[in-house]
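Q: Here it is: the structure, laid out below.
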Amino acid sequence: MMIFHKNFLADELAKWREEGLISDEAARKIAARYDIDLSGANERRSFILKLVAYLFLALSLFTLVGANWEELPRAVRLIIVLGILAAVNFSGVLAQKNGKETQATTLFFLGNFCYGAAIVLVAQIYHLGEHMPSGVLLWAVGALALGLATRKSIITLQALVLGLVWFLMEFEFSGVSHGFLLFIVACAAVLWRDDSRLLTGALFASVFAYIVSFVLYERYFLADLRVDDAFYGVHFFALSYCLLAVCASFLFERAGKFELAFYLKTVGIVCGAGILCFDMSLYEDLHFSRPWPYGAQNYENVLNGVTFLKSVFGALFMAFCAASLGLAFYFKKYAAAIVGALLVALPFILDAFAGYEEGVFSLIGVCVAVALIKQNNMKFGIALIFWVAFVRYVDLVGDYVSASALFLVFALVVLGVSKISKKRSAR
C-alpha cells in the first residue's frame, strides 16, 4: 500500500474506532495487516498544530520586542535575545529527557528561529558585519548542529533550507561555495535514518542547485560564454536528473527503504512531468528552440543536439541517462528504460522537427504518461494525458478536425493501456 494511502487509512481507522464502528482489536488487526502505526496519525496532527502554534508565538514575541526595540538599553536587548533563546532550547532539552519527542522537536524547531533572530538582533545592536551571507551561514551551521544532535528530519530540513539560501546568496558575491556539500552529505545521512518527504524534496533541489551553479560558474561565467546557451543545457540536464531520481528509487527499494524510495520517485516524477508540461506549453516562446526556420543554419554557435552533447551539461545529460538506463535494465523496469531511450534521442528529435518542438513534447508526454500508468502511477499518468489534451486543444481552437483526431489518438492509447493492464491482472 502506498504511503499516502496508509496515512489516510490510519486517520479513518481512528475515526471508526471513536465512532464505535469497529472495536479496538479490529482496528489493531487492520493496522497490523497494512503495517500502520495508529498512534502515529494523532502524533502527526498534534505535531503540525504545535509547529503552527509555536510559529505564531515566535511572531508574537518578536513583534512585541520589535515595537519597543529602539527604546530599550543595549544590555536589556541582549539579555532579552539570549534569554528567549536559552529558555526555548532548554525547554526542548527537558522535553527530550522526559520522553516527549513531539514537544521537544517543536521546541527545537522554534529554537532555530530564535537563534536566527538572535544573530540578526545582536548584529544590529553592535553593528557587526556587512557581508549578509555570513550571518545566514552562522544560522545554518547552528541549525545543522542541532539537526545532527537530535536526528530529526524537520530540524535538518531547516538547516538545509538555510544552507541553500546561504549558497545562493554567496553565489552572487564570490561564486560557488563548496562548503554546501557538507550540508548535503549531513542531511542525506539524517534522511537515511529518518525518512521524510519534505527533506527528500529539499535534498533533491539542493543537489540540482549545486551541480547547475558549479557548471554555470566554472564553464560559463569564468569563460565569459553566453549564459542563454546554458539554459538550453540546464533544461535537458534537469530532465535527465529527474529520470535518474526515479531510477535511483529502485536501489532504495532493494535496500528496504521503501518510504524513501517512494518519496524520491514521486519527486522525480512530479518535477519531470512539470518540465514536460512547461515544454509543451511554452518551449517555442522561449529562446530554447533553434532558429533554423529563419535561415540561421550558418550560425557558428547555433544550438543543436551535437553542440549540446559537446558541452558540460551535455556530458552530464548523457552520463545521467546512461546511469538511468543501466538501473532500469538491471531492475527490469522497461517502461523507465523506454523513457530513458526517448530522452537520449530527444535533442536530435527536436533538431529534426525544428519549429514543431511543442508537438514533439506533447507526444513524448503521452509516452511518459503511458509508462507511468503501466507502472501503477495512474494519477500522474492520467493527469499528464489530460494536460497534453488541454494544451493541444487550446492550440487547435478552430481546427476541429485536428483536435478530434488528437483526442481519438488519446482515447486509443488509454484504451490500449487499459486492455494490457486487464490481461496482466487476469494472468
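The backbone N, Cα and C atoms fix where each Cβ goes, and this holds for glycine too.
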Q: Looking at 199-218, 379-398, which one is transmembrane segment according to TrEMBL?
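A: Per TrEMBL, the stretch marked transmembrane segment is 199-218.
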Q: Restricting to the same chain and to residues at least six past its boundaries, which positions have a Cβ under 8 Å from a Cβ of the transmembrane segment (199-218)?
A: 153-154, 156-157, 160-161, 163-164, 167-168, 171, 175-176, 180-181, 183-184, 187-188, 190-191, 227, 230, 234, 237-238, 241, 245, 260, 263-264, 267-268, 271, 312-313, 316
Q: When each of 75-95, 132-149, 230-251 is checked against the transmembrane segment (175-192) for Cβ pairs under 8 Å, which one has the most?
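A: Ranking 75-95, 132-149, 230-251 by Cβ pairs under 8 Å to the transmembrane segment (175-192) puts 132-149 first.
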Q: Take the C-beta pairs under 8 A between the transmembrane segment (75-95) and each of 107-126, 263-283, 334-350. Which stretch has the highest count?
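A: Of the candidates 107-126, 263-283, 334-350, 107-126 scores highest.
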Q: Residue list, the transmembrane segment (107-126) vs rest of chain: Cβ under 8 Å, 6 or more residues beyond ends.
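A: 51, 54-55, 57-58, 62, 69, 74, 77-78, 81-82, 84-85, 88-89, 91-92, 95, 135, 138-139, 142-143, 146, 150, 152, 154-155, 158-159, 162.
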